[in-house]
């Protein structure tokens, strides 16, 4: 190149040649990037097509929905994109939040239906409330006994959790299930809502109103739910898990006054769906014969593709996630706190810590199938837990995602500015006080993001489940952590060995689509939390 | 201001406070130390059962013979067919992922506008977040028939489509790690290149890539280690039939099924073999081999990456 | 050395033990023995204050003897000897990298947070070597408040910022009253009294720094250390902080590091000049330092020949 330039005039044609090569190189790089993305997304479109089979619908059905749903949505998207980016953001969250919280409602429903009964949950809540009262009272009576308070803080809740729930469950008279739910789920949520609103608005009255409103609307379900064809139980869950976050978000957007136009978007979508349904019903257009429908989500697996469902694996995945949340997250965040806040970086102790960090990095690269073998040896053959149970599956996958949780939490913690720590230490705070009061609250959004992404990884893991003996087919949803379970990816693997095209291009596609939608929502939630948090800085 | 006491007490705060702090510190340390326990447990459990395996099957058979077949609890356990399938997968997936990943990294780091990057990077992240069981399904149900449709005579289970899928799966890993390495090349080097009259192409290929080469290399090693350990794609798309590498017709190996080491492990545990039999225990021997290989590769990648960090920090 | 001296004070052994009682502190408060109980800050500027040569009569609160500090192998302070008087403003000036911040951070053992730091010699606070094995740095920092270079309020409400020290130190009392008192003394009360629940980060830079000062004085420490507290602020905010420091010196011992010589001359009673290499070259009444320093190097520095 350099020799070329010496021969010609400085503005000669050489430049065109070099630019051509540069352009070609740039297009090649862009092409490679897009190739990877497009190939996978095209394949996923095929999967979506197989799962939903939109073309099996009447042409009239498709046209109706195109007019009632697709066009308005596209129009609104175009408007937000070109005119009002702020509202577009609101629109994305306003549509995504109800969907994510509905998903969460489903998770809570499954939990209360199969894993802990409402009564068990209520008794736990009562036990914790009693424990909190005792700890608080002790703090009031004995203000200076530090060690004693610490012991009380640990011992009382444990004692309460061991003793009180059984006592309550053995009571001869228990309130109805709906009342128990009202007391143990709705009331705590209402208190949290009231506290949250009070803090946001700096106004006691608004807090009380918000709490009261939550309570009243949820309690109204006792009478109103049958009218709309829901059980009071589902009504309350919908109010508490779906309506409350959505309501708080809408309220905050309205108060902020920016991007309110975005709130129209979910209304537009819901309206489009309703209009579409009403019109197609009236005109008698048949909808698509989707593999992925309500029946698929609520039925057990079957050898006949038309009857096959996904419900037991869904429950299994929820159970596994619960185990992971309880086991991997506290340990992972604790390890990250130690490594970032406590660990010395010199001396032989410092070298030991270096070793731990290198080890964590390497554990993140150990194949998941090896973790499966570890789980098998550790929990089943040594620990004596039953093979293929949700507990073992959860523990095994916990070990697998532990390095990811630690590394992402470490990043979040090290992003907390040192000036915050210095300010706290300078005030005479101890290390733990600094961690609890300053570092963790600041790092929380980052830690949450990392943990949700790690959960996404966990929910798709298959190989360890094969090794620890999760059964190929589970027809009845597991009802305890020690019964055999299947998870979504495990069931997908089972179906993949069916040769029937109805399985390969139907049931499997529906299962894969379900898994991907759950994952996409989780990752989307994580990314929204991350963006909100980054913007604040 | 209150009257000053001359003998201020600067010694310990209340003993409760000190004990509490210690308890928290050791609790948190225990969390961190648990990771070491995990490593030790992996090595211990794998090694213990692998040793039992070698009591039943001579090490010479495992390491030298070229036939692996399982019949009930017994069989012949020569590891080479599995190793050759793993190698094929690794090499072919590297051929897919390395050029694509590096090109994507160059584009993202040197060429992409902010807006482009804000679209492409999350898209690649999504790619990295797709579960491998989904990739396996894509390979089995869509990619293999597509390959057959364009006239490549692959079987229902074949190493080619599994390798391509593994390659696609590790692209985000190569691209994001390589991009990190490239963006940590100091701008002053680029400026120097432009100052000498170099074009963007010359700066990218002649300055940035060489300067970031150890970071790029470490991303290759990590990604290949990921490919070696990948299980679900190969189990679903490559099949469970061990086959020794056919030297007389190398291309044919790609078109037919094969059983890499990870698939061998799954096969051992999902077959009807009884616990303690040679078939069952072969899982631990394979697992140990796999663990040693991937662990060594991760360490090598750390080592290479540490070199480039030294250069520019 | 490990970073856990916060909780493990006994791990530090590299200093000579001193057995408390030094004669030099026997002199009782000669001035201010009847401190004004009125917390109200009257922010009129006492122009002549810096001219008042009061240093010699005052009790010594902090004294260092032969204090060396190393960061790994680099020596940051060289056998520093200094007696810091009570209830006065002592300024520490010097070119950048001269160890003035290091010295400040030795006083309340903030250097413990840096693994590489090693301290030799004695640093006595009220006659007790703070590097003795039985000294808990957490307790020490509760007696010695600190204000940092850049304002660093916590991302909490103004109220919670001020009560943070009370919370972590387990102080009982009427928090509302303490908060109001601290904010008044920091000359911030009137500006924020209607927004105590809003975030401390919503304030302007100068207000944030005054909030940090309020936070530091709320638990009623004996000494306040300030590490270039006005360097990140605009001139108006700076002058408010300077007024505040002079007022604080009526009740607290203030040690302030600054790179701004005019500032030191304006607000301090005593001035210590550190020069490159971590050496304390001269320590005397501020007037003396700025009008007639003993050492030529100090004169060169003050007249701007280097630095």
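Backbone N, Cα and C define each Cβ position, glycine as well.
TrEMBL lists B:26-47 (among others) with the feature transmembrane segment.
Here the transmembrane segment (B:79-107) has Cβ contacts under 8 Å with residues 62-68, 120, 124, 159-160, 162-164, 166-176, 178-179, 181-182, 204, 208-209, 216, 219-220, 223-224, 227-228, 230, 234, 238, 242-245, 253-254, 258-264, 285-286, 289 of the same chain, all six or more residues outside its ends. Residues or ranges marked as transmembrane segment by TrEMBL: B:79-107 (among others).
What TrEMBL lists as domain 'ABC transmembrane type-1' is B:83-301.
For B:119-143 (among others), the entry in TrEMBL reads transmembrane segment. Residues of the same chain lying 6 or more positions beyond the ends of the transmembrane segment (B:119-143) and with a Cβ under 8 Å from any Cβ of it are 104, 107-108, 112, 157, 161-162, 164-166, 168-169, 171-173, 175-176, 230-237.
The transmembrane segment annotation in TrEMBL covers B:149-174 (among others).
For B:206-228 (among others), the entry in TrEMBL reads transmembrane segment. Cβ atoms under 8 Å from those of the transmembrane segment (B:206-228) belong to residues 86, 89-90, 93-94, 97-98, 101-102, 105-106, 109-110, 166-167, 169-170, 173-174, 177-178, 180-182, 184-185, 189-190, 192-193, 198, 261, 290, 293-294, 297-298, 300-302, 304-305, 307-308, 311-312 of the same chain, restricted to positions at least 6 beyond its ends.
If you look up TrEMBL, you'll see B:280-300 (among others) marked as transmembrane segment.
Beyond its flanks by at least six residues, the transmembrane segment (B:149-174) meets 85, 88-89, 92-98, 100-102, 104-105, 124-125, 127-128, 130, 132, 135-136, 138-140, 143, 219-220, 222-224, 226-227, 230, 233-234, 237-241, 253-258 of its own chain at Cβ-Cβ distances under 8 Å.
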